[in-house]
Amino acid sequence: MRIHDIDPDNRPRERFLRSGKEALSPAELLALILRSGTPNLNIIDTCNQLIAEHSLEGLADLSLHELQKIPGIGQAKAMQIAAVFELHRRIRFAKNINRKIQGAQDVFEYMQGRIPDESKEHLFVLFLNTKNRILSHESVTVGTLTSSLIHPREIFKAAIRQSAHSIILVHNHPSGDVQPSNADKQVTSILKKSGDLLQIALLDHVIVGNDDWFSFRDHSLL
């Protein structure tokens, strides 16, 4: 059933024009993009069902293959859904370019959507200028963080190449528990000493979870 089969007063397009985009529900906004539902459900009911079963956040995390497993979602609709969330991700990234870091919350917000597979542990380095604005970031390792996987020379070589004044370490804990392990503390200590020698300060080490973070600096561990 298509949008044109819905009563004119209830069509998302007409409601958008009449009341503005803010008046539309998430399902109605999604319906404007997908346009047609399934043989048994109109597009608004289809989108309401999608969001009820998966949530907007859940839909954003699904791969193209996983989206196509949902009844009524073929390749074209799966690509439309994926494209919407990818655009949102890129807009969020664009807003963070050259962002000034004033604390661990800024680091947490900057990293949202930048960790490619949150089921694995990733270590990133943020390179900052003299005003604590982000110059760039690089992925360093994937997998459980240990001192044997960390090569200070490579990290600080990259910092020098970026003309960075300081760096911040960031890594995720897939479990969601942001408390640092002994290995996390050891890695932080090694890189702080290396940074002190090169006069490139390690400003912080931030561990991120699902909706929380741990700052070594805030807990006086740096």
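Quick reminder: no glycine exception, Cβ is built from N, Cα and C everywhere.
Here Swiss-Prot flags 100-222 as domain 'MPN', drawing on sequence analysis.
For His171, His173, Asp184, the entry in Swiss-Prot reads Zn(2+) binding site. Following the DSSP three-state reduction, the secondary structure of His171 (Zn(2+) binding site) is strand. Residues within less than 8 Å, Cβ to Cβ, of His171 (Zn(2+) binding site) and separated from it by at least 6 positions along the same chain comprise Glu121, His122, Leu123, Phe124, Leu145, Asp184, His205, Ile207, Val208.
Sequence annotations record features per position, and here Swiss-Prot assigns motif 'JAMM motif' to 171-184. Residues 111, 115, 118-124, 144-147, 205, 207-210, 212-214, 216, 221 of the same chain lie 6 or more positions beyond the ends of the motif 'JAMM motif' (171-184) yet place their CB under 8 Å from a CB of it.
Taken together, the residues in the motif 'JAMM motif' (171-184) have a mean pLDDT of 91 on the 0 to 100 scale. DSSP gives Asp184 (Zn(2+) binding site) a helix state.
Cβ neighbours of His173 (Zn(2+) binding site) (same chain, under 8 Å, six or more residues apart in sequence): Glu121, Ile207, Val208, Gly209.
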